[in-house]
Amino acid sequence: MKLHEYQAKMLFAQYGIPIPKGLVCTTPNEAKESIAVIGYGPWIVKCQVHAGGRGKSGGVRIVRSKEEIQEFAKQWFGKHLITEQTNHIGQPVSKILVEAAIDIAQELYLGCLVDRSNQCIKFIASIQGGIDIENIAKEKPHLLHQIILDPLIGPQLYQSRDLAFKIGLSSKKQINQFNKIFMGLATLFLEKDLVMAEINPLVITRLGDLICLDGKLHVDSNALFRQPELCKMLDPSQEDKCETYAKQHNLNYIALNGNIGCLVNGAGLAMSTIDMVKFYGGEPANFLDVGGRVTQEKVTKAFQIILSDKKVKVILVNIFGGIVCCDVIAKGIINARLESGINIPVIVRLEGNNAKQGIQHLVNSILNIRIATNLTTAAKQAVALVEGKQCLF
């Protein structure tokens, strides 16, 4: 789960990480009057969306008057901000953060993430930060310095000092400030079950102080049950509507960019199905795991979600019935087909618990449903149908 910048900064403040004075606003008039609380300008106004690259798309601006703040707010409230990290629709803007502008001497970078490849928590710091950090990582990897954080013993001051020296901090004042920021960010990361925390840029002001100008936090969605306060920070407007709808019905759905819809039981089998589709030259439209305790109604909901993606040309159903009853799945497929009225090809592979009964239900339905005897055949058929080829298998 992603958090907005203003939410991240609220948490930063709770953990002793310095941030600029600011106010989050929900109306143009509120934005205009925010400077009475913030103080003298100039100010920075920022659209709050779950995407990077806001500055390059006009979603971040420096302003010097009430009127400019109000103009910016009127321009963006109720609109969609499109950046290099969003789709062509963009993300809706319903909040704007107004902050005191900071006189910057240097931009640094500090981040923490779960490194799944190496099965560890990794801190990364760089002497160069800002909007081009991705390019720096690609073109100047020697500027990125890393340490491993052990969750069992927590962050250590010697690790903080090591990073501070590597990114060029030398004065006692700055090293002490960096230590406080490092320890605060690491503690926040561990206590709030984060998978990514980023301060970019972490700036040195003209007065030599360190302050966090922008921040990103991603929470482990699997740990939200023990983070009730973070659950309240979810902004559904920033989420994929299909994914939100799926969560409400206890379905694990992730939208992809292809045109072959997939309905599978079990995350491992779902990933194998996606791999098989890709292997034979197709592009999956989604990951969808209906789980073990699936009902006829749940299958119908799953079909509705898949069909809401207008790119989908074929639906591939791959069910291995253990706990799941294949005849229940079959009845759900038939109901979904009749309710939707959409006549795109559906390929079904059923194995296991009540598979014969399920297949018989599908055959008797006289609908445009093809039966596959194995996953290889099912994937080949799906790809062939998308490409407009005749299925010979």
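From the backbone N, Cα and C atoms, a Cβ is placed for every residue, glycine too.
Quick look at what Swiss-Prot lists:
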DOMAIN    9-245  domain 'ATP-grasp'
BINDING   Lys46, Gly53, Arg54, Gly55, Glu99, Ile102, Glu107  ATP binding site
BINDING   Asn200, Asp214  Mg(2+) binding site
BINDING   Asn265, Gly322, Ile323, Val324  substrate binding site
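Overlay of Swiss-Prot annotations on the structure.
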residue	record	Cβ within 10 Å
Lys46	ATP binding site	23
Gly53	ATP binding site	17
Arg54	ATP binding site	23
Ile102	ATP binding site	20
Glu107	ATP binding site	19
Asn200	Mg(2+) binding site	21
Asp214	Mg(2+) binding site	26
Asn265	substrate binding site	24
Ile323	substrate binding site	12
Val324	substrate binding site	23
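For the binding-site residues listed here (Gly55, Gly322), the lowest count of other CB atoms within 10 A around the CB belongs to Gly322.
The local packing around Glu99 (ATP binding site), expressed as other Cβ atoms within 10 Å of its Cβ over all shown chains, amounts to 22. Here ATP is bound by Lys46, Gly53, Arg54, Gly55, Glu99, Ile102, Glu107 per the record. The longest Cα to Cα distance in that group is 20 Å. Each residue contributes its Cα atom, and for Asn265 (substrate binding site) and Lys46 (ATP binding site) those atoms are 42 Å apart.
The secondary structure of Gly55 (ATP binding site), as reduced to three states from DSSP, is helical. Taking the domain 'ATP-grasp' (9-245) as a whole, pLDDT averages 93 in the prediction. Asp214 (Mg(2+) binding site) and Arg54 (ATP binding site) are 11 Å apart (CA-CA, integer value). The two recorded residues, Gly322 (substrate binding site) and Lys46 (ATP binding site), have Cα atoms 51 Å apart. Those same-chain residues not listed among Asn265, Gly322, Ile323, Val324 yet with C-beta within 8 angstroms of the centroid of the substrate site C-beta atoms are Gly266, Gly292, Val294, Ile319, Phe320, Gly321, Cys325, Gly352, Asn353. Here the CA atom of Asp214 (Mg(2+) binding site) lies 11 Å from the CA atom of Glu99 (ATP binding site). For the recorded site, Glu107 (ATP binding site), the DSSP three-state label reads strand. Looking at the residues that bind substrate per the record, Asn265, Gly322, Ile323, Val324, the two CA atoms farthest apart are separated by 10 Å.
Each residue contributes its Cα atom, and for Glu107 (ATP binding site) and Ile323 (substrate binding site) those atoms are 55 Å apart.
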